[in-house]
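Worksheet: one structure, shown below.
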Amino acid sequence: MPLSIREFEALARDRLPADVYDFVAGGAEDEVTLRANESAFGRLRLLPRVLRGPATRELGVSLLGMDATMPVLIAPTAFHRLAHPEGEKLTARAAAAAGAIMIVSMGSTVAIEDIADAGGQSLALWFQLYVQPDWAVTEALVRRAERAGCRALVVTVDLTVFGRRERDHRNGFHDLPEGLHCENLRGIAGERGVRQIESTPELSWEHIDRLRATTALPIVLKGLMHPLDAVMAVGHGVSGVIVSNHGGRQLDTAMATIDALPDVAEAVNGRIPVLLDGGVRRGTDVVKALALGASAVAVGRPVIWGLAVAGAAGVTQVLELLRDETDRALGLCGCACLHEVTRDLVQAAPC
Ligand SMILES: Cc1cc2nc3c(=O)[nH]c(=O)nc-3n(C[C@H](O)[C@H](O)[C@H](O)COP(=O)(O)O)c2cc1C
Ligand SMILES: O=C(O)C(=O)c1ccccc1
């Protein structure tokens, strides 16, 4: 088994068709943001405390009233069957085994009911939604997620138009291969709908208000970066936010998420949980995000690398690597639990 997420990516790259690898690994335009998400973690340095003696560490976290055994969630990524024939079923099994929260993409290639079945009762599933131009489709998706037992709605707000991913253009990778479909849209959006998710350029706070009126599920906004938007989110009664630039796949040259996090956390001021995704590859990245104000982080591509390398066991190993590394980093920073990870533990490296 690979010893790090970097090794998982290298192995997955050998195994996957080149166009699929590029679809997953790639970002928008010059991929400035894609690289920045990872490199910005590298420019931060930990300033550990010693002699505080935590004999063991507690990594558990409660988010929206749900308990997770670690502060690492599975970010929503579409099309897991590109990486493994059983796709999201295996991701769900691994998430359940690890006690991690799984955010299921609206664009999953296994239907949400089957993902819920595979994960079992103990698995907390959050459903990621792209508001669709046709409100009836959006509402039907919400009902489907509710009926399947999803416990939160994660509304992605950074895909009002599709980012231009030049690797996909070069490779001619535009459609799902024969036999794979967006199964959550089956029976809801017609034959074209199961092949292609639509964006909603006119997306606004009115849609968020309307969603709040439509469902009792807690709503989490994914893909905001600006502190003023975070303040708006609190004002609109949202239950959480995920600081995200879509893994560098949407607006290129957007700030790295870890650089955007401190101002968002300050603006939110503890009123709702702030999560972060983008470039988290090591336990030390998790600790840096916690120190700068995140309640938890999510990982996208590493989960797909795990699936491609070894199915459910690969995803489990990716999650366990992150757990183990986070635990070690906490121990070496003198923290017994996540609340002890304070802002003073992180500084920018001198230039
Ligand atoms: C292949 C792929 C598919 C994705 N699909 C979705 C999606 O369906 N919905 C969504 O909100 N975000 C989607 N994302 C973005 C992820 O949720 C997440 O923001 C990003 O991958 C985090 O960065 P990381 O991959 O560096 O961990 C996707 C990302 C990738 C790489
Ligand atoms: O590729 C993505 O980043 C993504 O968000 C997406 C959205 C819809 C369908 C497939 C992928």
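Each residue, glycine too, has its Cβ placed from N, Cα and C.
The record from TrEMBL ties His246, Arg249 to glyoxylate, and of the options Arg165, Arg167, Arg328 it ties Arg165 to that site too. In the structure shown, the C-beta of Val280 has more C-beta neighbours within 10 angstroms than that of any other entry among the binding-site residues Ala78, Val280. Across the structure, Gly300 (FMN binding site) and Arg165 (glyoxylate binding site) place their CA atoms 17 angstrom apart. Thr156 (FMN binding site) counts 24 other C-beta atoms within 10 Å of its own C-beta, drawing on all protein chains shown. For the recorded site, Gln128 (FMN binding site), the DSSP three-state label reads strand. A Cβ distance below 6 Å to any atom of ligand 2 is met, among the binding-site residues Ala78, Arg249, Val280, by Ala78, Arg249. Whole-number maximum of the Cα to Cα distances across the glyoxylate-binding residues Arg165, His246, Arg249: 12 angstrom.
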